[in-house]
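Chemist: Can you keep this structure in mind? I'll have questions shortly.
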Amino acid sequence: MTIVLTPYWSNGVQKLKMAPQPPPKPAHGLTPPMLDDEIHAQRCMAQLRSKDKDIEKYIYLSGLKEHDPHMFYRLCLAHMPEFTPIIYTPTVGQACQEYSKNYRRPEGLFVSIKDKGKIRSVLRAWPKLDDARISVVTDGSRILGLGDLGINGMPISIGKLSLYIAGAGIRPHSTIPICLDLGTNTQKYLDDPLYLGLRKKRVPTAEMTEFMDEFMYEMSQAFPKLLIQFEDFSTDHAFLYLERYRNQYPLFNDDIQGTGAVVLSGFINAARLSSAASGRPLSSHRILFFGAGSAGVGVAMQLMSFFTLNGMSEQEARERIWLVDSQGLVYAGRGELAEHKESNVSLVRRVVFVFPIYPLLARFFLSLTLAPHRLCPPGLRRPSDPGSARRARVRQTHRADGPVDVFRRVLARCNRGAQWPPSIPLPIIFPLSNPVKLSECTFEEAVKYTDGKVLFASGSPFHEMEWKGKMLYPGQGNNMYIFPGLGLGAILARCSSVTDSMVEASSLGLANSLTPQEEAMGLLYPAIDRIREISAGIAMQVIRSAQDAGVDRHPELRAMSDSELLAFVNSKMWNP
Ligand SMILES: NC(=O)C1=CN([C@@H]2O[C@H](COP(=O)(O)OP(=O)(O)OC[C@H]3O[C@@H](n4cnc5c(N)ncnc54)[C@H](OP(=O)(O)O)[C@@H]3O)[C@@H](O)[C@H]2O)C=CC1
Ligand SMILES: CC(=O)C(=O)O
Ligand SMILES: [Mg+2]
């Protein structure tokens, strides 16, 4: 089916093709006589691999997905490690940045601030109203770590949904990529004649909230069975709209909750290995978050919840967790804190009482000195390090222009060329920022500075490497391991909302999905080729958790045994 769905900014009439229907058998004579499926799969891979640049590969695969979706998803499933860096991070970041330049055809739904008051009619233009089950919605304001890309954020919604289809077997025509156009504060795009979005600065939060209220209500009316994933909203709005709507509609925020879940899962597996090697209990870990945005605070909240559910007091759990932002250590009394840091005050250190008389000195000291010093694992501290020299060093690190440089320097200084201390046999380093160029450190750096001992997981993929005759494998701590299974479970259980317990269930499901072979290799996350199996297991845990929380609306699933439920989940997966 094709319908005319012209983006409001487009002059011409363009057709939005609803993909993918099973390909109709072409009449004899309309295809080459020897067009064999198997050979054609090889041909497509050869065409893909012949492209020099990743962005060209991305464009090629977008075209393949449009005109032959079955082949696209078949190849995607067969070559996950090769495909994900192209259709997802890191290349999707470039695809977003160049979206207006490379734009070829409409894909997804654009809802503009100008549609306020008539969002209903925009949504109802979507051709597959009854089929819709999952939508990834972004406003383009914080795409990966690349900042405010405005309407150029659309490929992130498309990319995430491709992973839903490939990774969890969501039916392609049940997905709706959405980009909200609320303006952009990035001058480069406002000045770009090719920019496809509104040429105005972002609207104030109050106006955005009115828009969001209407948008969410109309979404629930137009698509009654829809689960919504909020993606890459700037941190203030990410927390605001998650809290505002989470009890009203089935939705979750991928950057806060999906990231929290994936990192908790990796942490559980890493801490197991680390604690086994050091003989120290899980409670001995000290966790530094370098960045206190939606991802950092989301993960910190997830870890807090895990620690307290597993026997630690809130105080003990809090003492494990340290947040650092662009101003240094986040602590109560530092001054006005952003809402998402303030409202998660249980994470904020309450250390200022040590300096009742000299609050300014305290702020300076805590921000520049104590935080990185204390956070540096104990075995790495140099007891003889004079305070002034340390302060100077730390100040120097804070002079850097971005978190990447700061982190690299801290890491390098932690090592100081000395032997990695035996008190921390297996340090855990998760440089989670995306895409690759924003990763806080590379796998190679982490391996080098820890003499090959690091337990490592990054947001974007790195290659394995050899170190002193041994092959070392980096993990990919990316929410792509979580959202397909979490979404599938929430859809199949017909949830009225997504609870914290469902998110935690997805995390534990992932942590427990390692095979004995993967465990023996010291992996923190399972091989991505097994994503379907992993997603099915996660979906099953999520459904059970939804039932426990009483938010499921599919009572027949309650009567099923676990094996029946798993078979049911698998039977619902779409296959190319
Ligand atoms: N691996 C994964 O699955 C995921 C990865 N991410 C990635 O995480 C990154 C962060 O996302 P998000 O939290 O939403 O982004 P934000 O921009 O909201 O947060 C960034 C944080 O880093 C802090 N920061 C910036 N510069 C410095 C500096 N020089 N020194 C110390 N701290 C600094 C900021 O401080 P301040 O608060 O003071 O401004 C802020 O707290 C992105 O790259 C994103 O792609 C996100 C989601 C999932
Ligand atoms: C992975 C992801 O969601 C992000 O970097 O924003
Ligand atoms: Mg994201």
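Glycine too: its Cβ is placed from the backbone N, Cα and C atoms.
Fair warning: this is a prediction, and the values are worked out from it, not measured in the lab.
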Chemist: For the (S)-malate site that TrEMBL assigns to R142, N478, which of N247, N434, N570, N575 is also named?
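Modeler: Looking through N247, N434, N570, N575, the residue TrEMBL assigns to the (S)-malate site is N434.
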Chemist: Out of D192, D255, which is the one TrEMBL records at the divalent metal cation site of E231, D232?
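Modeler: When TrEMBL describes the divalent metal cation site, the candidate it includes is D255.
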Chemist: Are any of the recorded positions Y88, R142, D232, D255, N434, N478 near ligand 2, with a Cβ under 6 Å from it, and if so which?
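Modeler: If the test is a Cβ under 6 Å from any atom of ligand 2, the answer is D232, D255, N434, N478.
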Chemist: Can you name the far-off residues of the same chain, 6+ from the ends of the transmembrane segment (287-309), with a Cβ under 8 Å from a Cβ of it?
Modeler: 142, 233, 235, 238-239, 253, 255-257, 259-261, 263-264, 267-268, 316-318, 320-325, 330, 340-341, 344, 346-347, 375, 403, 406-407, 410, 432-433, 440, 500, 503-504, 507
Chemist: Looking only at R142, K160, the recorded positions on record, which one has the least crowded Cβ, with the fewest other Cβ atoms within 10 Å?
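Modeler: Across R142, K160, these recorded positions, the one with fewest Cβ atoms within 10 Å is R142.
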Chemist: Cα of R142 ((S)-malate binding site) to Cα of D232 (divalent metal cation binding site): how many Å, rounded?
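Modeler: About 5 Å separate the Cα atoms of these two residues.
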Chemist: Would you mind sorting out which binding-site residues among E231, D232, D255, N434 put a C-beta under 6 angstroms from ligand 3?
Modeler: E231, D232, D255
